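A.B. asks: Handing you a structure now.
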Amino acid sequence: MPFNPQQLVELAHEHGTPLWVYDADTIRRRIAELRSFDVIRYAQKACSNLHILKLMRDEGAMVDAVSLGEIKRSLAAGFKPDGDPEGVVFTADLIDHATLATVIEHRITVNAGSLDMLEQIGRHAPEGHRVWLRINPGFGHGHSNKTNTGGEHSKHGIWLDDVPRAVELVRRYRLKLVGLHMHIGSGVDYGHLSRVCEAMVEAVKGLGHDIEAISAGGGLSVPYREGEPDIDVAHYFRLWDAARRQIETHVGHRVRLEIEPGRFLVAQSGVLVAEVHALNRRPAQQFALLDAGFNDLVRPSFYGSHHEMTVLRRDGALSEAPIDSFAVAGPLCEAGDVFTQAESGVITNRSIHTPEVGDFIVFHDAGAYGASMSSNYNSRPLAPEVLLDHGKPRLIRRRQTIDELLALEETAA
């Protein structure tokens, strides 16, 4: 955990809890690990705060957007749709009318995941609009079934057998085919990765059309549990670079190699700080109840995801209380609002220093799919976010107010 416990507690006292805290230097180090790739295209869905996006831009990363809102965020953060490579790529399997209009207005490159989407782009966009083809190679992999984005049970991507029809649409509408994109899910298995690289090579060889780039997609894993190994980034790159070189031999020119990380860049940069407000003891179970719920951090409830936890005392010191087994849960009126559970929903215990009311619990590695997946369930406001840059804190999102929650709802007279 790249944070000073004393500083975390001071920030919690200043801004209240729940509270998100990120470390900019950690993000910079993660970007540096991927410099072997020609383009690092940040999957902003992992953490889409404008200040995080500007940090990515300043470090030379490009950005991927998956909604109209994310396109607007990208532009607001200063990413340019034009350029070679383009600063913004829109990735989706469908496109609605408002998004289509924005894509055309700003000439935003599209990574199309369905034939219908590709045809809609072709019918409405000017000749030469830049497109990628997102290919589903027929298999996938993920740390959860919910993060597996390949295979016949995944909604994502153009089925490999339909690629000739996609190329026909590209030619019919005189679109500019930039390249092929394959992302089969989150979490790395090198055997599966080798299959993806082989599938990419075969897809390009069967394309019958020139390309200028390939994308390895994202899904690079991080160790959420203590003792888990870090991903071998050099090995990951070597597999993709070997595939790229085979493709270059086939097409007869240099091919750009992109990667699309989200979790890898921000997960370990962020923590969620929550305060303990109650201890509920049962004959066979004891609960530590916090002011953060799955409205703040949904990954444990949604995926059964594991986050290491640290107990901090009110004075900022690490707790030295005896270790005991607790289920750690939130304030929501929902039985599933528990941070210690398996993907099946079975409640589990965590061995932690016995907390007291008023202590803080820090959730490690919460920078990815934390704040960006937060909700207003139970009418709870979104938590504030703080960015530490060289140790200096800066509020990058204030706490939402309940009045702001109500402002969108008109009350009948």
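Just so it is clear, glycine is given a Cβ too, placed from its N, Cα and C backbone atoms.
When I checked TrEMBL for this same protein, it listed these features:
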type     : residues                                       : note
ACT_SITE : CYS333                                         : active site, proton donor
BINDING  : GLY219, GLU260, PRO261, GLY262, ARG263, TYR369 : pyridoxal 5'-phosphate binding site
BINDING  : ARG263, ARG299, TYR303, GLU334, TYR369         : substrate binding site
DOMAIN   : 20-367                                         : domain 'Orn/DAP/Arg decarboxylase 2 C-terminal'
DOMAIN   : 37-267                                         : domain 'Orn/DAP/Arg decarboxylase 2 N-terminal'
MOD_RES  : LYS45                                          : N6-(pyridoxal phosphate)lysine
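Just tell me what is around each of these and how deep it sits.
C.D. replies: Within its own chain, CYS333 (active site, proton donor) has ASN378 as residues 6 or more apart in sequence whose C-beta sits under 8 angstroms from its own.
Cβ environment of GLU260 (pyridoxal 5'-phosphate binding site): ARG41, TYR42, ALA43, ASP64, HIS181, HIS183, SER215, ALA216, GLY217, GLY218 lie under 8 Å away, each six or more residues apart in the same chain.
Note on ARG263 (pyridoxal 5'-phosphate binding site): other Cβ atoms within 10 Å of its Cβ, all shown chains, come to 26.
Per-residue pLDDT, averaged over the domain 'Orn/DAP/Arg decarboxylase 2 N-terminal' (37-267), rounds to 92.
Annotation for LYS45 (N6-(pyridoxal phosphate)lysine): same-chain Cβ neighbours under 8 Å, separated by at least 6 residues, are VAL66, GLU70, GLY262, TYR369, SER372. Classification of LYS45 (N6-(pyridoxal phosphate)lysine) by DSSP places it within a helix.
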A.B. asks: Distance between ARG299 (substrate binding site) and GLY219 (pyridoxal 5'-phosphate binding site) at the Cα atoms, whole Å?
C.D. replies: 16
A.B. asks: Quick check on the binding-site residues TYR303, TYR369: which one has the highest count of other Cβ atoms within 10 Å of its Cβ?
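C.D. replies: Its Cβ has the most other Cβ atoms within 10 Å: TYR369.
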A.B. asks: I'm trying to understand the geometry here, so how far is the Cα atom of GLU334 (substrate binding site) from the Cα atom of PRO261 (pyridoxal 5'-phosphate binding site), in Å to the nearest whole number?
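C.D. replies: Between the alpha carbons of GLU334 (substrate binding site) and PRO261 (pyridoxal 5'-phosphate binding site) there are 33 Å.
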A.B. asks: Quiz question: given the binding-site residues GLY219, PRO261, which has the greatest number of C-beta atoms lying within 10 angstroms of its own C-beta?
C.D. replies: GLY219
A.B. asks: Between GLY262, ARG299, GLU334, which of the binding-site residues has its C-beta surrounded by the fewest other C-beta atoms within 10 Å?
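C.D. replies: Ranked by other Cβ atoms within 10 Å, the binding-site residues GLY262, ARG299, GLU334 bottom out at GLU334.
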